[in-house]
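Asker: Dropping a structure here in structure tokens format, bear with me for questions.
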Amino acid sequence: MKIFSAEQLKKADALTIKNQNITSEELMERAASLTTEEIHKRIQNAEIDIKIFCGVGNNGGDGLVIARLLIEKGYHVKVFVVNYTDKRSDDFLLNYERLKETTNDWPEYIKDEGDFPALSQNDFIIDAIFGIGLNRPLEGWIANLVKHINNSKAFILAIDMPSGLFLDRILKKEYQLISASFTISFQTPKLVFFLPQTMDYVGDLQVLDIGLDREFLNSEKTNSNLISKHEARVLYKPRKSNSHKGDYGHALIIGGSYGKIGSMVLTTTAALRTGAGLVSTFVPKCGYTILQTALPEAMVITDKNEEKLTNIDHSMDPSVICFGMGAGKDQMTVQAFKKLLQATEKPMLIDADGLNMISENKELLEFLPKKSVLTPHPKELERLIGEWEDDFDKLKKVEEFTKTYDVILVLKGSHTFTCAEGNIYINNSGNPGMATAGSGDVLSGIITGLISQQYEPLAAAILGVYLHGLSGDIVAENKSYQALISGDIAENMGAAFQSLFAD
Ligand SMILES: NC(=O)C1=CN([C@@H]2O[C@H](COP(=O)(O)OP(=O)(O)OC[C@H]3O[C@@H](n4cnc5c(N)ncnc54)[C@H](O)[C@@H]3O)[C@@H](O)[C@H]2O)[C@@H](O)CC1
Ligand SMILES: [K+]
């Protein structure tokens, strides 16, 4: 699903109104009635106090329509108008009049701290103060109102987006914004819903299709995309019935050191479970028996050294090389890695200590094969590209890095971002149970397994990240977040592939 900027969303609204020959007020009614249906579905006529805070722009207008429709369904609703300016949008005014016609209980006005209502944690609060029209940080009594709402500990539903959040920048900590329990957003999600610094303010997310102009949504260019099942599915390449293992490539997985051979087992299992035709591993001698025992399907070649990699002499022509898991950073290993990079032309996958070695020996960067996939977690990324001011600055630096070295960066996190060629693909599968040792090793194996099967490295990264999350979701459903271990993610790749096409 494409992710648009505020300007693009406004353009989409305007085009929809024109092409569907409707008024902006009808579009607002549509968005708000779909939202009301969702609320009704969830709270099922519960006897709770619903308190709706409405701004005086169109986000407030949405709030007024939701209030009217909820009152018509018999809910107990109290509306507060957050009077941050004397100007009102036309659709706010129109719906203000309509609300008055529906109920004799006039909305209360909030003009300063003295007007703040008492809130209880049993209230159901709807935040319709600001949406995509916010143009400066919240200040004065409005900021205090947001603090008051957040402090209530009530359930907060944000309409379109939490008030105070910007779509294109991160505010300094001192500024207030609504910390929502749930956000219902219109048509397309917003980038800030997925950034580590802002995602917590959004709570659970639901995006409602409000029927904006299809033509615009399909043709408008954007560089951010959310990858859900539909987007992942189109990347999948079915297997021909007339095929043999040679068609699915030969993956060579290199890494491990004394005490860290387990990471190699995880990566190798994942590459096999993802469908690589052949998988060989290259490990220090101490890994031989472990890998041969754990994975009879894999071939094992060893370094001369017992405990670490010193000379990667493989004399093969693998379809893809994956390097770094558990490799350590010994100087001899750095030299072996350098030689490997110099001798490799095909895109590689580089993870863990492979990335750390590059960060500590920046001269290695110039030998990176083009289109290689690098999979750093946040600390590894920081070592690689340096510190960033905030998440937007990070994305800018990541873009520069991927363009300079012509590589694909997979930024691992609760929402993993795959970045290449100025584009961002945000993953929408996975769960907190996957924050566990070895989860990244499994991801490396999955992506390697896909590249081995002739997926383009970028497609392999996007699909691999999605399948990794999907497998984790399947495991968590059966085992809980706590009991999920990374080997389970590799073992359940079969269920993940099946689930990719199950609706
Ligand atoms: N345009 C449309 O057709 C639709 C719009 N919708 C809603 O409309 C929203 C956007 O509405 P608006 O563009 O009216 O903008 P908002 O309602 O988000 O903001 C209203 C106004 O607040 C003022 N403002 C901004 N920052 C402020 C601050 N820090 N302190 C005080 N005042 C400030 C600005 O003058 C701005 O125009 C969307 O988020 C969505 O909720 C939906 O109804 C769907 C259809
Ligand atoms: K809002």
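Cβ coordinates are placed from backbone N, Cα and C, and glycine is handled just like the others.
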Asker: Please pick, from Asp86, Asp90, Asp91, Asp127, the residue that TrEMBL records in the K(+) site together with Asn59, Ser163.
Answerer: Asp127
Asker: Look at the AMP binding annotation in TrEMBL, where Lys412, Gly413, Ser414, His415, Thr416 are given, and name the residue from Gly386, Gly438, Gly440, Gly445 listed for that site too.
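Answerer: Among the candidates, TrEMBL records only Gly440 at this AMP site.
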Asker: Looking only at Lys412, Gly413, Ser414, His415, Thr416, Gly440, the residues listed as binding AMP, what is the longest Cα to Cα distance in Å?
Answerer: 14
Asker: Those binding-site residues, Asn59, Arg136, Asp160, Lys412, His415, Gly440: which ones have a Cβ sitting under 6 Å from ligand 1?
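Answerer: Cβ < 6 Å from ligand 1, in sequence order: Asn59, Arg136, Asp160.
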Asker: Would you count the other CB atoms within 10 A of the CB of Gly60 ((6S)-NADPHX binding site), including those on all shown protein chains?
Answerer: 29
Asker: Looking only at DSSP and grouping its letters into three states, which state does Asp127 (K(+) binding site) belong to?
Answerer: strand
Asker: Return the average pLDDT for the domain 'YjeF C-terminal' (228-500) as a whole number.
Answerer: 97
